[in-house]
Amino acid sequence: IVSACILENQKAAYAVQIVVTILAYFFNITLLYIVQRTRNKEIGTYRILIAYFALSDLYYNTLHFLVYPIPENYGNAFFMRGHGYYRELIGVGLYMAAYGHAFPILIFHFLYRLMAIRYPQYLQNFPLFLVALVLATAAYNSMWFTIFYWCLHPDDEILRVLTPIYNGSIPLPVVHTMETAAKHSQALYWRGATFEGPRWRNLIGIGVMSLSMMLTYAIIIRCSYLISKYLKERSKSEQSIRLHKQLFRSLNYQSFVPLFTAYYPAGSTLLLPIFGVTFTHISLLVCPICATHPLFDPLLCILTITEYR
């Protein structure tokens, strides 16, 4: 009976993801069409960054659908496997790489908005700016893939510790088997009790990931402060200021809404085991919630910018 209920919950969560995935494709393609059709001089080359963000969301949306990763935790352990069409360990690495490369994209969007308002002369070097964005995206993509494929790669110790979970002795919201145990990206943070016997490869990997996220939001907050300050000076026309405010507001939505739809839900399953906190029931909710990330991005952009709306 318990297994039947679990399977029904998994089916319901997967059905939600399918609907959200279709909507995300529709609105991101719609946004690309709008960007291609409009030629507002005030938006300028920023439309290329908007299109870049939409293409990134389409890529993430595709991987999320194909891999359908479900993150779980128990005790001091974190483990995640693909439950979609592609269920190999490398699929989890590719998915998390796509998850992570959104951070440099956000940074470069804020840097562009800052330059457009305060230092427009620097936008003459936009081709170099775009090359730097592509390289930063590739670097973050590689870093996050390395973390979840190598730093969190299964080993004999963690497979031994998690055997009661994989063989079903410890029931969890997701059904496991020993045959799929090695297909999980997994971390065991401590060899003994919590804070005793650290497993450094796992801890360093998660530490690098956390630092990259904190650095991103530190830059975003600093840029947001400067942009808000410069917008109050009103050195441009009223119409220009209004458009800059809309673009800035849209970007803020795209930066902070994912904290609740993607980063906090998934991050909690990953980080809580470091402190010995188990939260098993969130596992089935995280995946469909994270699927909304590429849906909200284009919607917020379209609804916030008057010309696009």
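The backbone N, Cα and C atoms fix where each Cβ goes, glycine too.
Curation does not apply to TrEMBL; its annotations are automatic.
Quick look at what TrEMBL annotates:
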type     : residues : note
TRANSMEM : 12-34    : transmembrane segment
TRANSMEM : 46-70    : transmembrane segment
TRANSMEM : 90-114   : transmembrane segment
TRANSMEM : 126-150  : transmembrane segment
TRANSMEM : 203-227  : transmembrane segment
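Counting Cβ pairs under 8 Å to the transmembrane segment (203-227), the top-ranked stretch among 12-34, 46-70, 90-114, 126-150 is 90-114. Using a Cβ-Cβ cut-off under 8 Å and counting only residues 6 or more beyond its ends in the same chain, the transmembrane segment (126-150) has close neighbours at 45, 48-49, 52, 56, 80, 89-90, 92-94, 96-101, 103-105, 107-108, 111-112, 185, 205-206, 208-209, 212.
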